Each structure stands twice: as structure tokens, then as C-alpha cells.
Amino acid sequence: MESNGGGGGSPKEAAVVVPSSGDATLGGHLARRLVQVGVSDVFAVPGDFNLTLLDHLIAEPGLRVVGCCNELNAGYAADGYARARGVGACAVTFTVGGLSVLNAIGGAYSENLPLICIVGGPNSNDYGTNRILHHTIGLPDFSQELRCFQPLTCYQAVVNNLDDAHDQIDRAISTAIRESKPVYISVSCNLPAVPHPTFSRDPVPYFLSPRLSNQASLHAALDATLAFLDKAVKPVLVAGPKLRVAKAGGAFVDLADASGHAVAAMPSAKGLVPETLPRFIGTYWGAVSTAFCAEIVESADAYLFAGPIFNDYSSVGYSCLLKKEKAVVVQPDRVTVGNGPAFGCVMMRDFLSELAKRVRKNTTAFDNYKRIFVPEGQLPECEAGEALRVNVLFKHIQRMIGGTEIGAVMAETGDSWFNCQKLRLPEGCGYEFQMQYGSIGWSVGALLGYAQAVQKRVVACIGDGSFQVTAQDVSTMLRCGQRSIIFLINNGGYTIEVEIHDGPYNVIKNWDYVGLVNAIHNGEGRCWATRVRCEEELEAAIATATGDKADSLCFIEVVAHKDDTSKELLEWGSRVSAANSRPPNPQ
């Protein structure tokens with residue numbers, strides 16, 4: 001289901017209508033709160049427990065309900081929306097919807113995204129009655145869903161009493177924003193339309209007090225870091241993914257400009273700092289880094305990591321050649337210098353901003369980079385009619401994103417991770433992928449949500465195996481009038497799994513992907529789909545997608561050989577496989 005005719009883009013800004021005391025309802029209050037924190041679209045799947053609530057969401061002038069094909073994609077869409085807008089929301093029904101969306105909530109939790117998951121719950125009169133209800137697992141205890149959500153959300157509100165509903169809703173939404181994590185709000189199905197005095201006044205807009213640094217701790221951290229960096233001959237800066245949650249991207253850029261240090265980004269921080277910075281040297285990803293980047297980072301005698309996440313994927317099976325005693329690690333609220341000391345209650349944005357004012361300029365690492373850097377060789381080309389290679393595909397994607405029409409690139413879990421990392425992003429072009437959680441199929445729903453939150457076109461690179469998990473919501477993209485460009489890389493299987501551990505389970509049934517998208521299109525909305533097998537066909541397809549079909553959702557199936565993978569995936573897969581295969585420690 002979809003309100004406002006299902007048109008594309010976010011609804012126009014509308015004044016929040018203040019209800020009279022006679023129609024001030026829980027549903028209306030929740031809807032207004034969502035608008036106040038920046039949500040214009042709620043991704044939903046209807047069910048009998050949430051229908052009345054959805055009516056109230058639709059009635060809110062500043063809010064659109066976007067109906068999705070399944071709850072998992074609704075959650076992924078809210079994830080993508082939160083990446084672009086700063087907060088996202090989804091609405092599903094009790095248990096059958098809640099447990100389906102749970103995987104997406106786990107991904108949002110791992111990526112530090114404020115996501116408001118709203119569940120229509122049982123009638124308030126049924127709690128504690130020992131009754132058996134549908135959409136449950138057949139027990140009179142209705143808390144199973146709540147218990148599943150508890151580890152994956154930072155706050156849980158079960159609203160089955162109007163007296164504290166106002167407080168629970170406000171507390172849940174504010175906690176999501178403050179903690180930058182998902183929250184769970186369950187609303188009994190009989191409550192959204194009931195007036196209550198606590199909702200009768202105009203809700204005061206949220207003002208969340210910013211977290212402040214302890215000034216003594218901040219200055220001590222600065223002094224220790226400056227002394228540490230001043231002793232170094234060739235220090236470097238490395239951006240990490242927690243720059244987003246700390247809202248410290250601008251402060252990091254200021255530090256990069258002031259320090260003169262060479263600047264790299266961890267793979268999951270791509271897009272969080274401009275790649276047009278004068279001393280940007282690429283992606284630091286251990287053995288699969290951008291050419292010459294790892295050599296500079298790992299040979300540095302000091303490195304400042306801002307918001308890093310070191311896991312088995314980002315460290316290439318724990319094989320990065322980094323030393324703790326050389327590192328300053330800046331987390332959203334904490335700074336650790338070498339093996340110690342550590343300083344708590346230090347906000348990353350404050351720390352980086354103040355450090356930029358006092359740091360001594362040192363360009364040695366970047367000077368070394370310029371000395372060893374060898375420009376990339378001749379761009380790959382295919383002979384006329386030759387089977388298309390993936391590196392040739394990404395040569396053309398690089399050219400395509402160079403203009404101003406592309407707002408972001410999204411990479412699905414798989415070889416697209418590695419190929420998209422090599423794209424040089426122009427100023428203002430975002431980049432998103434789900435590295436910490438790595439759930440295949442994420443990008444379809446996330447593309448839906450991200451594209452709904454921005455005006456520019458979004459490019460997505462998706463493998464065939466991942467696409468088969470969540471393909472249905474291409475339908476919702478069409479209903480919303482989105483204009484994204486999807487490159488479906490058809491190489492016959494789960495390529496990333498093949499390079500970690502091969503087996504017959506990594507081979508999938510081939511689909512007629514173009515036929516599938518045309519069937520979903522069914523003559524409604526603007527859609528164009530094609531299949532390409534050689535470079536000439538690819539060039540023609542991109543020309544059409546960016547020309548005559550620029551106002552359409554464009555789907556380009558790229559047929560590739562099953563063994564056509566990036567060298568980075570081959571290296572990364574072997575190292576992750578080795579990490580996974582470590583024998584048990586002796587007892």
C-alpha cells in the first residue's frame with residue numbers, strides 16, 4: 001500500500017497539523033514525531049495488527065507510507081533511508097512481520113543507524129489473559145518478539161496503555177537519534193485511534209542536548225596526541241566508518257587540510273570523506289588496498305585512525321600489518337594513544353576540530369607516496385564482440401559517475417565490494433555498502449530507501465545471487481517513480497563464497513533477469529531493462545540509461561564469466577578462508 005499516489009521523491013514539506021483535543025490520538029502523535037525528526041517516508045507491510053496505525057501515518061501531511069513486498073526489504077529500505085536522511089522508519093505487523101524484519105534491524109544495529117521499527121501489536125485487552133492469538137507461536141506469552149528485538153535495538157517500547165504511551169514513544173525515538181541505533185516500538189492494534197489528554201497539546205519539537213566533552217579529558221588527549229604525532233617522521237590519517245555516527249566528517253577534513261598528512265579511508269568509510277582531498281591516497285584494506293596505499297600506511301611510524309572498526313573482513317582475516325603502539329585510535333567518545341593512556345568522555349568531533357588547530361604540518365608520508373606512485377596503466381579494453389570483462393564494466397561505470405547526475409553508488413556484498421572500492425568518487429557522490437553485517441540481498445531494499453531520500457540518481461552494483469534474495473522490491477522502486485541504475489552482474493553464483501570455500505551450493509539457477517524486470521514492470525511506470533554481453537552493448541546501454549531513459553528505472557544485466565573476479569577478491573577470500581579455518585586452540 002502507498003499513500004499520496006505512490007509518486008517518486010519525498011513529499012513536500014508540510015506544516016505539522018495540530019489536532020484538537022478531541023482527535024489527538026496516539027497514531028497522530030507518533031506520525032508527527034516521525035516528521036519532526038526528519039522522516040518523510042515509512043516503509044511498511046500491512047497486517048491486521050497495524051492497519052489502523054497505518055491509517056494515521058497516511059493521514060499525516062508530511063508523511064508517506066511506502067508499501068514494500070516483504071518485511072525484510074522494508075527494513076533494508078529503512079536502513080538505506082537512514083544512511084541518506086539520518087533516520088529511517090519501517091512499520092510491520094506482530095511477530096510474523098517483526099521476526100521477518102529482524103535481520104535488517106541487526107544490520108542497522110551493526111552499522112550504527114538510527115532506525116525506528118514500529119510493530120502493530122495485539123489488542124491491549126489480550127495482554128495477561130492467557131489467550132492464544134494468531135501471528136504468535138501459539139503461547140499465551142506475547143513477549144517472544146520483544147525478546148528477539150532486545151539484543152538488536154537500544155530501546156524497546158511496548159505500548160499497551162495510553163497513560164504512558166506519550167512518554168514511551170518520545171523516549172524511544174529520542175533514544176534512536178541520540179544513540180544512533182535501532183529502536184523497537186510495539187503499539188497495540190486498538191490504541192492508535194483512541195484520543196488521550198496527553199496528546200492534546202502541540203508536541204514540543206525535540207531538542208536533544210548534544211553530548212559534551214569533558215574539557216580536562218579533551219585537553220589531556222590533545223596534549224598526548226600532539227606529543228605522539230610530533231615525534232613521528234611520517235604520520236598518516238585513516239578515516240573509519242564511525243565518522244558517520246560521530247558526525248565528524250567535516251572535522252576530519254579540517255584535520256587533513258591542517259596536518260598535511262597522507263589521508264586514507266578504511267573500506268567501510270568510503271564516501272564519508274571526499275576523495276578529492278589533495279593528499280588522499282585511497283582505500284586502506286590491508287593486502288587488498290588501493291595500489292601503494294598499504295605501503296604508506298603500514299610503513300608509517302604513527303597513524304591516527306578516526307572511528308575504525310577492525311574485524312576479520314576489514315583486516316583481511318586479521319592480516320593487516322599494523323602495530324598498536326603506533327596508533328592513535330579516536331572513537332566517537334574516546335581516544336587511545338598507543339598502548340595507553342586512554343581518555344574517555346572525549347567527543348570525536350571536538351577532538352578532531354581542536355587537533356586541527358594545533359597540529360604541526362607534516363607532508364612526509366604524502367611526499368613518499370608521490371615518489372613511489374605509478375599511475376595506472378592502460379585502461380582495459382575488449383576486442384570487438386569479445387565477451388565482456390568485469391574490469392571493463394567498471395571502467396565505464398567510473399566514466400558514468402563523473403558527472404553531476406549521480407548522487408551515490410551502492411555495492412552489494414560480493415565482488416562489487418572490491419570493484420566499487422576502486423571507483424574514484426567525484427565531489428558530493430556518496431558510497432554505501434554493508435561491510436560489518438554483510439547480508440546478501442541488502443542492496444535491493446537499501447537502494448529503494450536511499451533513492452527515496454535523495455533527488456539524484458543512485459547507481460547499484462548487485463550480483464545475481466544477492467539479487468535473487470530480495471528482487472521483489474524492484475516493484476516498489478517503480479511504484480515510487482525512482483530513476484536508479486542497477487547493474488546486475490550475472491556470473492552464475494555466489495562468487496564471494498566461491499573464493500572463500502567453493503562447493504556445489506555456490507551455484508545458482510540462472511534467471512531471465514531482464515524478463516523478470518519486464519514482468520514486474522508490466523507496463524506500469526517508467527522502466528527500461530536490457531542485457532549486455534560485450535563492451536559495445538554496454539556502451540550503448542549506458543548511453544541510453546543516461547540519455548533517452550534518464551527519467552526511468554534502468555536495469556542492465558551484465559553477463560560475465562563465472563571466474564571473472566577482481567584480484568582483490570582472490571587475495572581477500574584466501575585470507576578470510578585461512579582465518580575461518582584456524583584449528584581449535586589446544587585445551
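In case you wondered, yes, glycine gets a Cβ from its N, Cα and C as well.
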Among Asp464, Asp512, Asp548, find me the residue Swiss-Prot lists at the same Mg(2+) site as Asn491, Gly493. Asp464
Could you look at Asp41, Asp48, Asp223, Asp230 and say which one Swiss-Prot places alongside His135, Glu497 in the substrate site? Asp48
Within 10 angstroms of the C-beta of Gly493 (Mg(2+) binding site), the count of other C-beta atoms across all shown chains comes to 19
For the region 'Thiamine pyrophosphate binding' (415-496), the DSSP residue counts stand at 37 helix, 17 strand, 28 coil
In whole Å, how far is Asp464 (Mg(2+) binding site) from Asp48 (substrate binding site) when you measure between their Cα atoms? 34
Name the secondary structure element type, per DSSP in three states, that contains Glu497 (substrate binding site). helix
Cα distance, Glu497 (substrate binding site) to Asn491 (Mg(2+) binding site), nearest Å? 13
Restricting to the record's substrate-binding residues (Asp48, His135, Glu497), give me the longest CA-CA distance in Å as a whole number. 39
Neighbour-count leader, CB within 10 A, binding-site residues: His135, Asp464: Asp464
Inside 8 A of the center formed by the CB atoms of Asp464, Asn491, Gly493, which other residues of the chain have their CB, for the recorded Mg(2+) site? Gly463, Gly465, Ile489, Asn490, Gly492, Tyr494, Thr495, Ile508, Ala560, Lys562
